[in-house]
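Peer 1: What Swiss-Prot shows for this protein is this:
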ACT_SITE  Asn426  active site, proton acceptor
ACT_SITE  Glu430  active site, proton acceptor
BINDING   Lys5, Arg6, Glu11, Pro12, Val13, Gln14, Phe15, Asp16, Lys17, Thr53, Asp57  ATP binding site
BINDING   Ser202, Ser217, Asn426, Glu430, Thr608, Ala609, Ser610, Thr611  GDP binding site
COMPBIAS  806-820  compositional bias 'Low complexity'
CROSSLNK  Lys387  ubiquitin cross-link
DISULFID  Cys218-Cys443  disulfide bond
MOD_RES   Ser227  phosphoserine
MOD_RES   Ser806  phosphoserine
MOD_RES   Ser827  phosphoserine
MOD_RES   Ser868  phosphoserine
REGION    793-843  region 'Disordered'
SITE      Tyr741  site 'Important for electron transfer'
SITE      Tyr742  site 'Important for electron transfer'
Amino acid sequence: MYVIKRDGRKEPVQFDKITSRITRLSYGLDPNRIDAVKVTQRIISGVYSGVTTVELDNLAAETCAYMTTVHPDYATLAARIAISNLHKQTTKQFSKVIEDLHDWINPATGKHAPMISDEIYNIVMENKDTLNSAIVYDRDFQYTYFGFKTLERSYLLRLNGEVAERPQHLVMRVALGIHGSDIESVLKTYNLMSLRYFTHASPTLFNAGTPHPQMSSCFLIAMKDDSIEGIYDTLKECAMISKTAGGVGLHINNIRSTGSYIAGTNGTSNGLIPMIRVFNNTARYVDQGGNKRPGAFALFLEPWHADIFDFVDIRKTHGKEEIRARDLFPALWIPDLFMKRVQEDGPWTLFSPSAAPGLDDVWGDEFEELYTRYEREGRGKTIKAQKLWYAILQAQTETGTPFMVYKDACNRKTNQQNLGTIKSSNLCCEIVEYSSPDETAVCNLASIALPAFVEVSEDGKTASYNFERLHEIAKVITHNLNRVIDRNYYPVPEARNSNMKHRPIALGVQGLADTYMMLRLPFESEEAQTLNKQIFETIYHATLEASCELAQKEGKYSTFEGSPASKGILQFDMWNAKPFGMWDWETLRKDIVKHGLRNSLTMAPMPTASTSQILGYNECFEPVTSNMYSRRVLSGEFQVVNPYLLRDLVDLGIWDDSMKQYLITQNGSIQGLPNVPQELKELYKTVWEISQKTIINMAADRAIYIDQSHSLNLFLQAPSMGKITSMHFYGWKKGLKTGMYYLRTQAASAAIQFTIDQEVADQAATHIASVSELDRPVYVPKGTKFSEQKAASALTESSDNEKDASPVPSEQSSVSSAMSNVKLEDSVAPAVPTETIKEDSDEKKCDIYNEKVIACTAPTPEACESCSG
């Protein structure tokens, strides 16, 4: 057999040469776990005569990726082989790569089609020696295999279909796209991003430095008018934004309902659904930048709208096709009054906005007053509130939607109160900003890699968390996101108008679960809950401090006066809570009142679905969904085991093929293994094994530092009306803005596992550990310089105030009393209202407290999202 070299020469396949290359790339890995000869044997078995060296490297990388379930170091080795292969195929010098991308001629048209803007090209040419020498290519080898494949698939720029960028080139391009000719800031951003302290959001990675640098992730659009002109102007705006990789949140409360009178034609309206289907087809047609990812719109509607029942069902897999829009995401913008009526089993009146104008323009007491006046005037149709609630829960169990966002909490606890009523969130329900027909709200995102701040002592005995460094990095990101506002390409003028006036930004996080596992803190532990508060207090303080410093240099944002912050009111003040005590808030508060802020909003933890894959961490602030899962790449599907768990089981001496097969049969859970220490069972609980009450409590703990909102998913193995009702009401009473992004449920029935030998899997429970305990660093809590100076008094005061300032009402409603002492996944529901329901038979079926697991209503359950997991 022979291999074809990159220069076209033929050379015999040499076993020793492959082994030598594998060994060379295994530096720093565990020599007792990495078997270069075994890897080479597997590679040779897949080689054919005439294979190219590129194909050989790809085969080697895939072979190591498949062996990740043997030891986590194989994942590192797979990445090194793949990245080494890319380095051989690409130009090393950054300035030359930029030149090639800028000078590209499209072979199909023969025309100049630059992928890099003239501005960035000129900056690189003027500073090429500095920039070329600053790049550290060894940092490419820190990516995981699947992180690198994610970059390769969607993020690295290509020439003639072939990848032209290296990961370090991308990072430098992003830094230049943000900071332009400010080379000092460019190098600072490059170094921190390449060292994996943080990442900017996908649109920034896609588009920074290109001729149309649309770097914003989120756009909140107002339906311009209830007319053909207004609807289609809005549709065009959505298409223009989606074309440049923006996600869309659109509120449609002002569109009249089915059967409403149309004066212009003397006819009646077809209602929301036919219009929604037009938006659905636009989302399908306009992908985000050449199939990098599909277009995505979320539609927000308040539950008083007369078409609400059809709206919540638009993603169902069954029913008439003409009333479905499965590529859109329905979301509810819920006033407190609706939740009260459901809780009381009271009436709820549905209106057409043409008959009951202005309901979406007011919130709180003003909304209640206007809504009840319209009810008294008989302008709508009255139903039981629980009938609508039942329909919402039924849709959520089948499709995971509609999303739940609480209108009054969003408007009551925002620094944009002085702008007007906020009417929607964004696609992922973490951005909460004011929008109007002439202002499309925009937000630029970045996420901090929380595991980067875990520090282990030199002797390996203790581990701690570096809050000072976290604070420092969060300030750098704030400066970056603020600069994106000025350097961004805006696809529509309404977006530029809004962003330049209010200048909101959004910092998020990724890898909170990884951080807990590195520090050996179970997700439900008190230490983990304390660290959760400390991390988010630190980031919030850093963003405000940086924004205040920017205001002193560049001026406050134009609508600062009249905002809560201008009066010294910060996010935790709006919750009637006091901060944990890590930082000096009083000095910062005075500085903000005196100098202002450069940005109206700064915090919004987002899902980080793609970027967390790049850095190799768990998404945002969520627990792990499984300790074993599949990763799909173009070449196939790979099994991946939680690397922290895998390392522990390997070191205990109980990891082998039977343990792997056991994990597959148990959907990644280790709770049923008698030979695994209880300490590990607690540490590696999946989200399905963690109390949802804990998830919501931790969300509320961090929410007092989040001036927008955060994308909170809820998880239930066996959803029932009672459980979902309990979760929603608990979150609402805790004061959350986003009550639920997706409802995640497990498959109703497990797929037949043809590849599993059950006898082999059963052997996993019989293994005996070779060591009695693992040698792992012990977490030592640390504060900041400020908190250490005032440790005793600050922590005691914080603890007392948090108890006093709990946003949960003290009165015991049927819902809150049931929630006080139970886990949300337990089969204990709020009490059924005592009054007799004197309605028609349809109303009697709507038992929102039923504990029976909800059965799928789809005629073909295999097509249902919930049933298929």
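Every residue, even glycine, has its Cβ placed from backbone N, Cα and C.
Computed from a predicted structure; not experimentally measured.
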Peer 1: Counting Cβ atoms within 10 Å across all protein chains shown, which of the recorded positions Ser217, Asn426, Thr608, Ser610, Thr611 comes out on top?
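Peer 2: Buried the deepest by this measure is Asn426.
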Peer 1: Using a 10 Å cut-off on Cβ-Cβ distances across all protein chains shown, tell me which of the recorded positions (Ser202, Ser227) has the largest neighbour count.
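Peer 2: Answer by Cβ density within 10 Å: Ser202.
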Peer 1: Please give the maximum pairwise Cα distance, in Å and rounded to a whole number, for the GDP-binding set Ser202, Ser217, Asn426, Glu430, Thr608, Ala609, Ser610, Thr611.
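Peer 2: Roughly 18 Å, rounded to the nearest whole number.
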Peer 1: Considering the recorded positions Phe15, Tyr741, Tyr742, which residue's Cβ sits among the greatest number of other Cβ atoms within 10 Å?
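Peer 2: Within the set of recorded positions, the most crowded position is Tyr741.
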Peer 1: Counting all other Cβ atoms within 10 Å across every protein chain shown, which of the recorded positions Lys5, Lys17, Lys387 scores highest?
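Peer 2: When each Cβ's neighbours within 10 Å are tallied, Lys387 tops the list.
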Peer 1: Can you tell me how far the Cα of Val13 (ATP binding site) sits from the Cα of Cys443 (disulfide bond), in Å?
Peer 2: 53
Peer 1: Go through Glu11, Asp57, Glu430, our recorded positions, and report the one whose Cβ sees the most other Cβ atoms within 10 Å.
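Peer 2: It comes out as Glu430.
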Peer 1: Would you mind sorting out which of Lys5, Ser227, Cys443, Tyr742 (the recorded positions) have a C-alpha within 10 A of the one on Ser217 (GDP binding site)?
Peer 2: Cys443
Peer 1: Taking only the recorded positions Phe15, Ser227, Thr611, which one has a CA atom nearest to the CA atom of Cys443 (disulfide bond)?
Peer 2: Thr611
Peer 1: State which of the following recorded positions has the fewest other Cβ atoms within 10 Å around its Cβ: Cys443, Ala609.
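Peer 2: Across Cys443, Ala609, these recorded positions, the one with fewest Cβ atoms within 10 Å is Ala609.
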Peer 1: Work out how many Å separate Lys5 (ATP binding site) and Ser227 (phosphoserine) at their Cα atoms, rounded off.
Peer 2: 64
Peer 1: List, in sequence order, the same-chain residues at least six positions removed whose CB sits under 8 Å from that of Cys218 (disulfide bond)?
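Peer 2: In sequence order, the residues whose Cβ lies under 8 Å from that of Cys218 (disulfide bond) (at least 6 apart) are Gly246, Gly247, Gly249, Asn426, Leu427, Cys428, Ile431, Ala441, Val442, Cys443, Leu445, Ala506.
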Peer 1: According to DSSP, does Lys5 (ATP binding site) fall in a helix, a strand, or coil?
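Peer 2: DSSP call for Lys5 (ATP binding site): coil, neither helix nor strand.
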Peer 1: Among Asp57, Lys387, Tyr742, these being the recorded positions, pick the one whose CA is nearest to that of Ser202 (GDP binding site).
Peer 2: Tyr742
Peer 1: Should Tyr742 (site 'Important for electron transfer') be counted as helix, strand, or coil on the basis of DSSP?
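Peer 2: Its secondary structure by DSSP: coil.
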Peer 1: Just to verify a number: CA distance, Tyr742 (site 'Important for electron transfer') to Glu430 (active site, proton acceptor), in angstrom, no decimals.
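Peer 2: The separation of the Cα atoms works out to 12 Å.
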Peer 1: Return the member of Glu11, Lys17, Asp57, Lys387 nearest to Thr608 (GDP binding site) in space, with distance defined Cα to Cα and candidates limited to these recorded positions.
Peer 2: Asp57
Peer 1: Given the recorded positions Ser227, Ala609, Ser610, Tyr741, find the one whose Cα is closest in space to the Cα of Glu11 (ATP binding site).
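Peer 2: Ranked by Cα distance from Glu11 (ATP binding site), first place goes to Ser610.
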